[in-house]
Protein chains: 2
Amino acid sequence: MHSEFDLINRFLAPASTGAAGGVELGIGDDCALFEPTPGERLVVSVDTSVADVHFPAEAPAEAIGHRALAVSLSDLAAMGAHARWCVMSLTLPEADGDWVSTFAKGFHALCDTTGVALAGGDVSRGELAIGVTVMGEVPPAAALTRAGAKPGDCLAVTGWLGGGAGGLARWEAGDRDLAMPLLRRYLLPQPRLEAGMALRGLASAAIDISDGLLADLGHLRHASGVGVELSPEALPLADGLVAALGEQGARQAALRGGDDYELLISLPPECLDEAQQRLAALDLPLTVIGRITAEPGLKGAEASSPGWQHFPGETP
Amino acid sequence: MHSEFDLINRFLAPASTGAAGGVELGIGDDCALFEPTPGERLVVSVDTSVADVHFPAEAPAEAIGHRALAVSLSDLAAMGAHARWCVMSLTLPEADGDWVSTFAKGFHALCDTTGVALAGGDVSRGELAIGVTVMGEVPPAAALTRAGAKPGDCLAVTGWLGGGAGGLARWEAGDRDLAMPLLRRYLLPQPRLEAGMALRGLASAAIDISDGLLADLGHLRHASGVGVELSPEALPLADGLVAALGEQGARQAALRGGDDYELLISLPPECLDEAQQRLAALDLPLTVIGRITAEPGLKGAEASSPGWQHFPGETP
């Protein structure tokens, strides 16, 4: 058994400031203290991952640590932000040092590969949940938002779709081998931070796909006040998805499944080549899946599913 | 029943950017976007309040909203920071619109009185818990930390002690009238933000008292590498505390009780008058309760209790 302070000091604090700069004071005081880059805007998001709501409680602890950070970083990616710092709020049913140590390993590993410093946090008793607040920076007026899509723009998506839903299906079917690509897509999503930064100045709007393509496309359409003609046959399907779910299931997973953490963007047609070249340099495809229209609404796919919601209500 | 987006839009987003400045983009996109004050340092803390761990689940929703923000702001106060922005992560067992509306009222009211903008958040299904990440600013080298106490400094505390534990005792005894001062101390704590800023340049170290005076004094002693001679008879007791707990119980509540959210500071004796005058202007007493010593350890009180811990362990 470990005390709260012991857990923080032993597992969360080490290597917490890593290679990332700008941390004047990390874990161990009342607050963390950062030196922002002069002239940049501060970009902040929080996501909480609750056991057996957002991820299986019995998933590998290292994957849970990775995933909790990844889903928050995905929001920074969607703004085109440079990820800098994070703070974590961890609630745990018991102080299991082995579990926390492995969890922290997954969290810190993604900190290292993304250059993010874990600079503060708290640990409480409660059901297993991880809240991660991420902070990044972006030059003034360079942030990508949901609101800039224009009629005539291309609609495009990074990477591959349906892997989150496909991986969940394989997990529920009993697969546990994290070498399986679909399971990796579900449990070890890669936030598209470099892609988001590469799309600054090219994308007219952006959102990350966490609730499912159609649901997140709905947010982008409404924020921009535009419509979309979708080309469902163009959706880039995740590796192994058709084998796992069949042709029809794979299409539905790509359209409506959550947890893909790809970027959905709009961009003027004349920017497409440049955007695809920049992402190719990151080994990431950028696939055109539709067109922005002036008339509102969605053509090319039934828009009936609201995507994942915690509290499905009368006014989705 | 309300959907997740509905809850955010209806109850959390309104008035979220209030009178506070620097918010370029609030609730409704992937991230919030802020304009930091040039030259200032960014100060960040997160605290999660879990139902029936940190507060009674059946406490008034408005008090729960107030308290969740107050305990996070208290950390900014302890750094001498100017509170600017916050993001909230709310997990709820069910989408009860009335409860969330009342909860949000308490949260927003404290945002208003402290000039803080609620600029983002997420809502999930789970046991009732509220994670609040607060962001503030402080000029370079002006932040108060736990590490600056020097031998010969006075040890002093703002306000009154024991009210958190006394209020909890009254709550557990069945009192529910929030007009009772002790209950207010417990359920509606006031973060000492103005006091923290007023103590910049005077206090040599600071920490907020959340885990109990002796426990938080232990953090300050260890971070500063100093000892303390405490004068327990000097502790300023909360209004009504002796009547509620008796003389001996009141002293123990002041020494070991948690949830007081006062500031515990050290300062050179020659700064004491000025500090007391500045706090008097805020209607807040600053009471000397001991002296910093070069020899480590605590004199004047048994240091056996580690204060509140979520996971009491072998190495507190």
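Note that Cβ sites are derived from N, Cα and C of the backbone, with glycine treated the same way.
The Mg(2+) 3 site in TrEMBL is built from B:D30, B:D75 plus one of B:D175, B:D177, B:D208, namely B:D208. Contacting chain A by the Cβ rule (under 8 Å between Cβ atoms), the binding-site residues B:H54, B:S210, B:D211, B:D259 reduce to B:H54. Within 10 Å of B:S210 (ATP binding site), counting CA to CA, the binding-site residues B:D30, B:S45, B:D75, B:D259 contribute B:D75, B:D259.
When the binding-site residues B:D30, B:D75, B:R146, B:D211, B:D259 are screened for a Cα within 10 A of the Cα of B:D47 (Mg(2+) 2 binding site), the ones that qualify are B:D75. In space, B:D208 is the closest of the binding-site residues B:H54, B:G121, B:D208, B:D211 to B:S45 (Mg(2+) 4 binding site), judged by Cα positions. The shortest Cα-Cα distance between B:D211 (Mg(2+) 5 binding site) and any of the binding-site residues B:H54, B:D122, B:D259 is the one to B:D259. Taking the C-alpha atom of B:D259 (substrate binding site) as reference, the shortest distance to any of the binding-site residues B:D75, B:G121, B:R146, B:D208 belongs to B:D208. Using a 10 Å Cα-Cα cut-off from B:D75 (Mg(2+) 4 binding site), the binding-site residues that qualify among B:H54, B:G121, B:D122, B:R146, B:D208 are B:D208.
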